[in-house]
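Colleague: This is the structure, below, for whatever I ask next.
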Amino acid sequence: GVSVRLMDGGSRCAGRVEVLHRGQWGTVCDDNWDMRDAAVVCRELGCGEAVDALSDAHYGPGSGPIWMNNMSCSGSETTLKNCRSDGWRKHNCKVRLVGGSHCSGRVEVLHGGTWSTVCDATFDQQDAEVVCRELGCGLPVEVLEAAAFGRGEGQVWSEQLQCRGNESQIHFCPTSSSLKHNCSHDSDVGLVCAGKSVRLVDGGSRCAGRVEVLHRGQWGTVCDDGWDIRDASVVCRELGCGEPVDALSDAYFGPGSGPIWMNDVDCSGLESTVKNCKSPGWSRNDCVHSNDSGVICSAFNFRHACSHGLVIKLIFLVSGKKLNCHFYKIIIFQQHYIRSQATW
């Protein structure tokens with residue numbers, strides 16, 4: 001029988017990936033989820049070629065167990081369950097926000113294989129900082145009490161988070177079992193994170209591409225006047241993408257559209273967001289989109305770029321080195337597949 005399905009995408013060929021294991025449907029964590037993994041799912045379902053591999057609960061959070069994580073398909077497997085992974089239920093996807101968006105909602109933590117809500121009396125700013133950071137949602141904007149995003153189901157977590165605020169995941173936060181409050185779902189805590197105010201587009205990975213910033217609800221580009229490696233370092237850090245590999249100009253990843261929000265950006269390299277860097281002000285420039293800036297960060301998934309056939313764009317020199325995709329001679333679904341980790 002079918003061991004994979006796509007849910008809440010409006011079609012059997014689009015949606016949240018769920019797999020059947022031990023008679024129960026569960027989800028797949030998005031760590032390292034890429035087009036080769038998606039290709040296996042599409043083929044298994046008879047849905048043609050993969051168009052996109054989405055993350056961050058794009059089709060809404062699932063329920064039940066998170067069965068798989070760190071998928072590493074070659075792209076030729078007949079079923080997703082045959083791909084390499086960390087093993088059943090071995091993952092670090094321990095927190096989610098429900099009832100709002102990916103970056104806002106009721107806080108739920110995974111404990112003992114089930115999702116539990118968190119009591120508002122025990123959740124503070126330091127806890128909020130870690131949750132927002134783990135989800136890639138920037139800084140916390142507001143902690144909301146009294147089930148602001150609706151009452152949850154199941155258990156209210158019996159422990160208390162005691163994060164210092166600098167942890168990368170709540171998994172690393174100390175906890176205390178001495179919960180003094182008798183909480184019900186009427187006290188489920190909610191959280192609003194700022195969300196990403198910068199993104200990298202058309203680079204084959206979330207860690208490489210044309211720089212775009214969010215201002216007044218609209219995405220726009222950054223002009224390349226004065227754009228350098230210090231500016232790139234702020235973008236890479238803000239996105240959790242490691243160190244900058246290159247700061248690119250002249251619309252290297254193609255011209256954007258919409259407003260050109262920033263120009264003459266002058267970061268010290270220490271800012272938490274590129275929007276805090278010095279610049280003449282919003283939309284104050286005489287640039288055109290052929291001057292859009294770009295960034296490549298060290299966490300860029302080179303294998304993903306190679307499998308997309310983006311190597312034409314990636315024949316750039318970085319510190320005198322060139323990307324080597326180790327191409328197979330065969331082409332599957334009109335995409336090149338690699339047999340080993342792409343290297344410089």
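Note: Cβ is positioned from N, Cα and C throughout, glycine not excepted.
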Colleague: Using the record from TrEMBL, pick out the residue from Cys119, Cys132, Cys236, Cys241 that is joined to Cys183 by a disulfide.
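Modeller: Candidates were Cys119, Cys132, Cys236, Cys241; TrEMBL matches Cys183 with Cys119.
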Colleague: In TrEMBL, Cys236 is paired in a disulfide bond with which of Cys173, Cys193, Cys287, Cys297?
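Modeller: According to the record, the bonded cysteine is Cys297.
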Colleague: According to TrEMBL, which residue among Cys223, Cys241, Cys325 is joined to Cys287 by a disulfide bond?
Modeller: Cys223
Colleague: Need the cross-check against TrEMBL: the disulphide partner of Cys193, picked from Cys93, Cys132, Cys267, Cys277.
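Modeller: Disulfide pairing in TrEMBL: Cys193 with Cys132.
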Colleague: Calculate the distance in Å between the alpha carbons (Cα) of Cys183 (disulfide bond) and Cys223 (disulfide bond), and round it to a whole number.
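Modeller: Counting only the Cα atoms, the answer is 51 Å.
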Colleague: Taking each of the disulfide-bonded residues Cys103, Cys223 in turn and counting other Cβ atoms within 10 Å of its Cβ, which one has the fewest?
Modeller: Cys103
Colleague: Can you count helix, strand and coil residues in the domain 'SRCR' (4-104) using DSSP?
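Modeller: The composition, in the requested order, is 13 helix, 34 strand, 54 coil.
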Colleague: Got a sec? Which of these disulfide-bonded residues, Cys193, Cys287, has the most Cβ atoms within 10 Å?
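Modeller: Per the Cβ count within 10 Å, the most buried is Cys193.
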Colleague: Just to be sure I understand, if DSSP states are collapsed into helix, strand and coil, how many residues of the domain 'SRCR' (198-298) fall in each?
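Modeller: Counting residues per DSSP class in the domain 'SRCR' (198-298), I get 16 helix, 37 strand, 48 coil.
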